[in-house]
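A.B. asks: Got a structure here, written out as structure tokens. Questions coming.
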Amino acid sequence: MDAYELVTRNTAEIVTEDELRALLNKPTKRVYTGYEPSGEIHLGHLVTINKLMDMKAAGFDVVVLIANLHAYLNRKGTFEQIKELADYNKACIEAVGLKGAEFVLGTDVQLTPKYQTEVLTLCQQITLNRATRSMDEVGRAMDNPMVSQMVYPVMQVVDIPTLNVDAAVGGIDQRKIHMLAREHLPTLGYKPPVCIHTPIVNGLDGEKMSSSKGNVVSVADSPEEIKKKMKKAFCPPETEGNPILQIFRYNVFPRMDTIAIRRPEKFGGDLEFHSYAELEAAYAGGKIHPMDLKAACGDALTELLADAYAYVQSYKN
């Protein structure tokens, strides 16, 4: 798999493909994703973490913004509460597999006069309506938003040149914010970033993923908890929108070469798959029972998250 295939696999959109190809030819290139400290790192985060790992393998320097100031503006707690969670999330991101990245705490770079001046300059250009729509897109629909929450997307735009990155990775829900960056950063004298958008995956019940709903698997889940969640998970005969198949596609196969489906001989014996396409075809053809697929998914996730779970236990103890 060449660098372009590695970067673009399991993506929903690349803006733009030509710009990405040109960027890949440069000897030095930087990419970032920002994570607002909030709760446990879970499979939703792992989609973009895996993409950052792909990009590191493709020759990018990877920057992770731990967006504590964004979290504060989004009313997620006091600075002290958010700082503790930021340190914890950073360690979990590393433990889940992202090694050698540069981690930047938001307040270390976002309170300078230059940064704040650029935010205020863009506030003169971006309408309130457009800022609101961009926040709605990332799942923060608000009937009565605070001014601080409207500054949030503008800050995300300024984060890109502040971190000196060439590309931004995010879920497809970040698209409107990234398009703001591509449109408005040239007015400040900066090049528009290449944007790599990943799909938004479903929760275990087939609905929108939400920690509050309990339809996610996180790094804090024990092997027993993962097994229990898999048993209850929605796994329809169809492949479209199937949360278990999505986990295999976006979380498991990017990190594991072979997946085993363990079955008694009377049910056909064990099966091995070396690609997601093989697994999906077998499931679509009725060759794998949903319970067997879910059990294999639980085993794979337990292995994949073992180091992160061990860190969580040591942190809590």
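Just so you know, glycine gets a Cβ as well, placed from its N, Cα and C.
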A.B. asks: Using Swiss-Prot as the reference, determine which range in 73-77, 108-112, 208-212, 263-267 is annotated motif ''KMSKS' region'.
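C.D. replies: Checked against Swiss-Prot: motif ''KMSKS' region' maps to 208-212.
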A.B. asks: Given the ranges 37-45, 235-243, which one is assigned the annotation motif ''HIGH' region' in Swiss-Prot?
C.D. replies: 37-45
A.B. asks: What is the average pLDDT across the motif ''KMSKS' region' (208-212)?
C.D. replies: 84
A.B. asks: Return only the integer: C-alpha distance in Å from Y152 (L-tyrosine binding site) to S211 (ATP binding site).
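C.D. replies: Per the Cα atoms, Y152 (L-tyrosine binding site) and S211 (ATP binding site) stand 22 Å apart.
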A.B. asks: For Y32 (L-tyrosine binding site), what is the tally of other C-beta atoms lying within 10 angstroms of its C-beta?
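C.D. replies: Taking all protein chains shown, Y32 (L-tyrosine binding site) has 27 Cβ neighbours within 10 Å.
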A.B. asks: Measure between the Cα atoms of every pair in Y32, Y152, Q156, D159, Q174, the residues the record assigns to L-tyrosine, and report the largest value in Å, rounded to a whole number.
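C.D. replies: Max Cα-Cα spread across the L-tyrosine binders: 17 Å.
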